[in-house]
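Notes to accompany the following structure.
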Ligand code: G6P
């Protein structure tokens, strides 16, 4: 989603801004732009489409400058177009880039129009730049003007501001959207994501909610919401400046699917190094917290929510602890009954999903004190705000459709269920050893499943030009059916729905005919016989079945039943293994259709607005 980078330096900052934008591209966007201060004025270049198009235009215009801000926009208010792309300017003298949503933009727009400001876009952002301009006119100081303006904003924002009259000054502010300052040698930067800055500095200062910062070449100062000057720690980012490369793969999604054995091995490394199920993998004080809690609430969005749903089955059956899974955007606004002895678990690949972050804050405001985040971004806001943490080690995930992040999240959640079970005396020493052995073999088992790709490609060829698909699963594999349906719709644009197979006859059966492929996840578990009956209901209506079974499940392919067999049943690990063919199915269906696999239309990797 939207990304910000800004710089104040003694060198031309345009190449730094462009490289920053390229590094933010994977988040998903539909237009890009930058503004630089040059010769006492501002130059602005904006383009709908890709950063490469902006770069080409910048080359033609030979844009340069020592102070600048740049942005990738993912449309919320107003269609993707040049006029709606950031930066937005006021009177050609002040420019702003913005992530977030200004909720009172209509009232502000009306007020500013009445005093003579002329609006040239449909965005909520444009009110910010005119508001700062209005205060600048009175204050004659960009920092003070920005401070005054942000007190009038309702909603969420991370903003970067420059003005023609102050060519060595970059001002920024945040509320509800991440923003950080990068510290260089006699130069400073801002960014919404540290990855944008890694080629120029690893020294970063994370702004807190309500902070406004005044940044010059040599130094910067930060003022908090109350107007007090504050000092925030300088941290050294441990992320690598190397950009994720495609290697021999055609798409990042394909690469990331095939990286899963390594990602799982790295995620498990610390847990397996202890030789037992050790609570410290969740943090130094985890043992006390995990022993004390009496219920678990898991909160997440999108694919991460599907991981939460699987975990609910694991935690209740393995640890015997009541567990519920909540969609973050619902949880944060519903009247829930808080339980101070509950563990609040948030799951997020990026650690910056706005709804998930807000849900964690909401839980804390209700009096919850125990929190754990499962996250793939070690330096993210979510990790910083959680008491306990487990870092999945999937590595950077660039494809918008989440793959390796999901299976590593599942692995972390299974470890959580097992540790909770052990702390409650529900796992014997022999069972503990068996679980650890199974986990040790997980990467190799995923490798085996990846070998099924040619068979899955044949399924994808048959399904790619269908309009709809139904995914069925039961128990632990119902959320996996949901994840399979989500992957297919995200990247191939085929309408796909998932149902717990037992619900089929309560509605979706009405949709089944020979044009409706029905994908069933049919592992050899306690529910297999029940599931087989559900599948007969599909066959009896002329539906075409695509069944993912286990080697030991005695199922047979037939004319109307396509069958792929995974290795033998993997017990608790089965949902992780059954995810992989569904990822490949979506990937190959998208290839058949020729869609933009890594950047599907309308979607963003990091959803930083609610
Ligand atoms: C977006 C992405 C999904 C992801 C979801 C939650 O919608 O496209 O792939 O599952 O956000 O993201 P998170 O980073 O919190 O896991």
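Start at 1 and count along the chain as shown; that gives each residue its number.
Positions of Cβ are set from backbone N, Cα and C atoms, glycine also.
What TrEMBL records for 2 is active site, nucleophile. The Cβ of residue 2 (active site, nucleophile) has 26 neighbouring Cβ atoms from other residues within 10 Å, across all protein chains displayed.
For the recorded site, residue 605 (active site, for Fru-6P isomerization activity), the DSSP three-state label reads coil. The feature active site, for Fru-6P isomerization activity is assigned by TrEMBL to 605.
Here TrEMBL flags 2-218 as domain 'Glutamine amidotransferase type-2'.
The domain 'SIS' annotation in TrEMBL covers 286-426 (among others). Helix, strand and coil counts from DSSP across the domain 'SIS' (286-426) read 66 helix, 28 strand, 47 coil.
Taken from TrEMBL, the feature domain 'SIS' covers 459-600 (among others).
Model confidence over the domain 'SIS' (459-600) is summarised by a mean pLDDT of 94. The Cβ of residue 605 (active site, for Fru-6P isomerization activity) has 1, 26, 27, 28, 350, 397, 398, 400 as same-chain neighbours under 8 Å, each 6 or more residues away in sequence.
Under DSSP, residues within the domain 'SIS' (459-600) fall into helix, strand and coil as 69 helix, 32 strand, 41 coil.
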